[in-house]
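Some features that Swiss-Prot has for this protein:
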DOMAIN    2-88  domain 'GST N-terminal'
BINDING   Tyr7, Trp8, Trp46, Leu47, Asn48, Glu49, Lys50, Asn59, Leu60, Gln72, Ser73  glutathione binding site
DOMAIN    90-208  domain 'GST C-terminal'
BINDING   Tyr116  substrate binding site
Amino acid sequence: MPMTLGYWDIRGLAHAIRLLLEYTDSSYEEKRYTMGDAPDFDRSQWLNEKFKLGLDFPNLPYLIDGSHKITQSNAILRYLGRKHNLCGETEEERIRVDILENQLMDNRMVLARLCYNPDFEKLKPGYLEQLPGMMRLYSEFLGKRPWFAGDKITFVDFIAYDVLERNQVFEATCLDAFPNLKDFIARFEGLKKISDYMKSSRFLPRPLFTKMAIWGSK
């Protein structure tokens, strides 16, 4: 029986999950919910089902795999990572995965808060000012490794790809000074399963955010 991934019909927090499901050749189907237009941004498609799915903490995204019902995007990614041995093999690798997972989510939320803020245009220069320093830390952490934990890909590389590429969409030149990060993105997109997925009708790179966002809602 295929897994079910539920989320809005946007990229959002599901991008890394979709990529990981495709990479692991998982059998899954998507339940994509549509939000209404301004000014109401009607969410009834989701709210009508929210408390009927047996989720402990009802939210989007969710993954249902048989008796396992999981919310929180990183919990879903970790679950899939454990299923496919993509959580790091040594203690050092697992530490790197844990650190980066949380660091990436911090940075993801900073960008999301900016893009939903009514003062977006006023606050954008401040974000762009600190962006090179953020990218430099990722570049130094990756070093000469092919993947962020080491020689083998882990689930955190899927989050890293999403966050780095999302920032590249926001500011096209943000990785120009960091060739190892650009190489990482090319390496990730060059993976056969990922490349095939990106050419398919299932691939959903945009919109980045919901219709409520000031930037990234198209």
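We number each residue from 1, going along the chain as drawn.
Cβ atoms here come from the backbone N, Cα and C positions, even for glycine.
On a predicted model such as this, the values are computed, not experimentally measured, just so you know.
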Just to verify: the residue among Asn48, Ser73 with the fewest other Cβ atoms within 10 Å, which of the binding-site residues is it? Asn48
Comparing local Cβ density (other Cβ atoms within 10 Å) for the binding-site residues Tyr7, Trp46, Tyr116 points to Tyr7
Just checking a number: largest C-alpha distance across Tyr7, Trp8, Trp46, Leu47, Asn48, Glu49, Lys50, Asn59, Leu60, Gln72, Ser73 for the glutathione site, rounded to a whole Å. 21
Express the distance between the Cα positions of Ser73 (glutathione binding site) and the residue listed as 'substrate binding site' as a whole number of Å. 19
Secondary structure content, the domain 'GST N-terminal' (2-88) (per DSSP, counts of residues): 27 helix, 20 strand, 40 coil
Between the Cα atoms of Leu60 (glutathione binding site) and the residue listed as 'substrate binding site', what distance do you get, rounded to the nearest Å? 18
Rounded to a whole angstrom, what is the C-alpha distance between Lys50 (glutathione binding site) and the residue listed as 'substrate binding site'? 23
To the nearest whole angstrom, state the Cα distance for the pair Asn48 (glutathione binding site) and the residue listed as 'substrate binding site'. 25
What is the number of other Cβ atoms found within 10 Å of the Cβ of Leu60 (glutathione binding site)? 19
In the domain 'GST C-terminal' (90-208), how many residues does DSSP call helix, how many strand, and how many coil? 83 helix, 0 strand, 36 coil
